[in-house]
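Okay, structure first, notes after.
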Amino acid sequence: MNSGSASAVLRDASCSTSTVTTTTTVKRRPKLKGEGANGVKGKAGGDMGKVAMYNRASFMNWKVADVVFVATHHWIPCLFAMGLLFFMAVEYTLLMVPSSSPPFDLGFVVTRGLHSLLDSWPELNTLLAGLNTVFVGMQTTYILWTWLIEGRPRATISALFMFTCRGILGYSTQLPLPQDFLGSGADFPVGNVSFFLFFSGHVAGSVIASLDMRRMQRWELAWTFDALNVLQSVRLLVTRGHYTIDLAVGVGAGILFDFLAGKYEESKRKPATGIWNSATKENGST
């Protein structure tokens, strides 16, 4: 190799090195914490990017396809939205019930025929009351059984929470006894003693037992309790033993206090002694 060729090779190598060096030096450094989209460091720079994100309202980006998607894939919230608009109209156009009149209850209107039947047939009313009392006994027996025999106190704790809350609410707002109430000595509370109307302990207790049965995969028993609870609710409406709102809130109360009892158990998972010990942990409970 002569000197001219050597010089050319060195010249090419120098150019290649320069190119590589130039290429590697233009790599962008990682963005520092707090640095905005425009490279300005500090709070102001970071906020500029946020302003750019929210310069248009969300609904301005909606398209017809988006509306169709919501209506077809999220139809349940759409139904609730329609219900909201409907009952807003009802609330602002419906006349209030006068203080001199009894409360209006749609459940009483629907069951008016059955109420007349039991009113004219006291023996049937007593029979149904006795059967309902047996069902209440079944609820109580199951709830206590889960704790005393199976060592799972969640249903019992839930019932304690529920009946205490029911006592507080029932005493705080004492609803008037419906004028057409059909009592029976075979009903529970036995002997037609006074009771709190809000909310239904009959319904809530049945829901608590049913939820426990489902946790233990006792499906047939749970469905049986649910069916009996529906019949119990109808009877309570027919006899005017509860208002419709008492029954509806009773379902929600059973679910709520079962959930709270589960949270209470979770908070007590630490090793303990006495009757509330680690043996009370439920299989599959949440």
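The backbone N, Cα and C atoms fix where each Cβ goes, glycine too.
Record features, source TrEMBL:
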| type | residues | note |
| --- | --- | --- |
| TRANSMEM | 64-90 | transmembrane segment |
| DOMAIN | 104-263 | domain 'AtPDCT1/2 transmembrane' |
| TRANSMEM | 127-148 | transmembrane segment |
| TRANSMEM | 155-173 | transmembrane segment |
| TRANSMEM | 193-211 | transmembrane segment |
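Between the transmembrane segment (127-148) and the stretches 64-90, 155-173, 193-211, it is 193-211 that has the most C-beta pairs under 8 angstroms. Through the fold, the transmembrane segment (193-211) approaches residues 132, 135-136, 139-140, 142-143, 155, 158-159, 162-163, 166-167, 169-171, 173-175, 177, 222, 225-226, 228-229, 232-233, 236, 242-243, 245-247, 249-251, 253-255, 257-258 of its own chain, all at least 6 residues removed from its boundaries and within a Cβ separation under 8 Å.
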